[in-house]
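J.: The domain 'Phospholipid/glycerol acyltransferase' feature in TrEMBL is assigned to 54-188. TrEMBL lists 357-380, 401-427 with the feature transmembrane segment.
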Amino acid sequence: MVDAGTQCCAPPEAKGMTTLYQGIRFWFRACAAGFYATTEVHGLNNVPPNGKPTIVCFNHGNGLADPLVLIRKTPRMVRFWAKDALWNMPVMKYFIRNSGAVPVYRAKDHGAQAKELNLEVFRTVISALRDGDCLGMAPEGVSRFLPYMEAPLKTGVARIALEAVAQSTAAGDPSYAVQIIPVGLTYTHREKFRSDLCMRYCPAITVDAALAAKYTDADGKLDSHAAAAVITRQLQNQLDEVTINAPTWSVLRLAITAARLHQPIGTDLSLGQYLTLVRGWVQVIKLGVAVPEGGISAAESPAADLEAASSLRTALCNYQDLLDKKGIKCERVRRAAGHGQALPWYWCVTGMAQRGLLFLVTMTMAAPGLLVFLPVWAYVKRRERFLLSKGPRWNDSVAEMKMMVCGLLGMGYVIASIVLSAVWWSWKPIASLYYMYVTMRCYEEAVSSARSFYTLYKLLFLLPQTMGRMVELRKDAKAAMDPCLRMLPAGVADHASLSADEARPTRALDYYFPWIVARIIMLFLRRRKKDWNEVLRLKDHATMDYVS
């Protein structure tokens with residue numbers, strides 16, 4: 001858990017869960033904790049206690065990984081809706097059946113029979129709600145690897161809540177109420193190992209007899225369509241406030257560039273603050289951009305705002321395109337602008353020597369562990385290529401596949417270590433578990449060192465006039481951002497009160513220890529990312545799109 005300045009608390013002890021569910025939850029925790037480097041959670045206090053009828057609603061863009069991370073963090077037993085095909089998948093079917101999930105029969109799979117099959121499902125769900133259970137539903141209906149949440153949301157969640165209230169009221173319980181909890185899931189790179197995730201639990205939307213009475217006529221007939229539409233609209237508004245909804249990946253790319261200009265790499269910015277800043281710039285940059293079918297439209301804006309947003313898009317695009325073409329990070333240009341010149345060649349060579357040495361040290365330390373992981377890595381890459389070959393709509397299945405493999409591998413390794421320690425009566429197999437963690441940390445540092453080495457290499461051969469051009473484009477982009485600051489949504493300015501030139505990076509271990517000593521110390525600590533958009537790749541990526 002990370003304190004990000006907003007309400008962020010540790011989950012209370014989970015109660016009301018079956019022993020089997022707690023075991024599944026523990027395994028899901030291991031899967032998610034190993035796959036995502038940082039999981040920042042806000043608003044867990046908004047989740048009602050056990051016994052209160054609750055529906056957890058989330059944006060759905062990462063396949064089975066979405067329910068998995070929700071089971072990991074939600075302090076109640078959550079019964080998710082899931083397509084019935086999952087009940088036939090090897091291995092997965094055992095976890096699905098014993099997690100309390102409810103099968104949903106889709107029309108595209110069962111045709112005309114789907115409606116009849118789902119009638120019993122609805123009765124089961126409403127009965128569970130009336131018993132005080134917590135359900136998990138995705139109002140988008142299906143998972144899609146998109147830069148936005150599909151709209152309008154389906155009204156099924158609202159209709160189920162209204163029906164549960166109606167049945168309870170008719171049974172003589174007028175105080176019965178269903179709490180709908182919107183949860184925003186925002187991934188930096190949802191399909192990439194050691195990427196990051198921010199979860200925000202919003203305040204509850206209460207569906208009770210008083211709300212239903214507002215849409216009941218004189219004859220006592222409930223206008224369920226009108227009531228469901230209002231509830232769904234409120235649900236969509238809350239989710240829109242805690243998720244990033246860009247009409248295209250290119251708009252999101254420019255918003256990341258704007259966030260880097262607004263707050264430089266290395267400043268004390270939590271994941272939640274960073275994503276709030278990116279979301280704010282998305283809201284500005286997408287003004288005047290055509291919204292695809294199913295996207296969330298921006299509100300009408302004055303002509304002056306549209307012109308300012310258009311100028312900002314052009315300036316950011318020119319700047320980021322040149323950075324990508326030359327393989328230079330925005331942070332290097334910021335330093336060049338501050339010093340009036342690029343890094344001298346001897347600084348670049350010294351930096352390359354340091355990064356090269358650290359790469360050799362960390363890769364040597366990680367080599368035995370990486371050899372153990374090599375067959376698994378080869379299998380995962382093969383499965384990833386297979387899923388991608390089936391089309392873009394399968395992109396959201398990559399993360400779930402990787403997480404399941406990580407979970408099974410980790411569980412198998414832990415069991416094997418415990419058994420071998422008992423058989424050999426030795427601590428060494430148990431100690432090897434910590435070495436696996438060190439292997440992962442060494443690999444992260446090795447990739448980071450290689451990435452810095454690559455950037456310094458590109459910087460070494462960069463012409464002075466090219467760096468001068470980058471500095472000018474950066475100034476143009478910042479100048480285009482100034483008139484747009486007032487257009488940022490309320491609250492974003494509080495997360496980004498300093499400009500990029502005024503902000504002061506926090507002191508890293510380099511300040512207190514020699515450079516190489518600081519890097520060795522970091523191998524035994526959780527990696528502190530200077531850039532939340534960092535990926536375990538050689539090149540820098542100013543995007544949240546799929547990175548091959």
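If you go along the chain as it appears here, the first residue is 1 and each next one adds 1.
Note that Cβ sites are derived from N, Cα and C of the backbone, with glycine treated the same way.
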J.: So which residues does the transmembrane segment (401-427) touch in its own chain, when a touch means Cβ under 8 Å and the partner is 6 or more beyond its ends?
T.: 27-28, 30-32, 34-35, 65, 68, 91-92, 191, 193, 376, 379-380, 383-384, 387, 433, 436
J.: DSSP-wise, what's the residue breakdown of the domain 'Phospholipid/glycerol acyltransferase' (54-188) into helix, strand and coil?
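T.: Residue counts for the domain 'Phospholipid/glycerol acyltransferase' (54-188) by secondary structure: 58 helix, 29 strand, 48 coil.
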J.: Quick one: mean pLDDT on the domain 'Phospholipid/glycerol acyltransferase' (54-188)?
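T.: Taking every residue of the domain 'Phospholipid/glycerol acyltransferase' (54-188) together, the mean pLDDT is 87.
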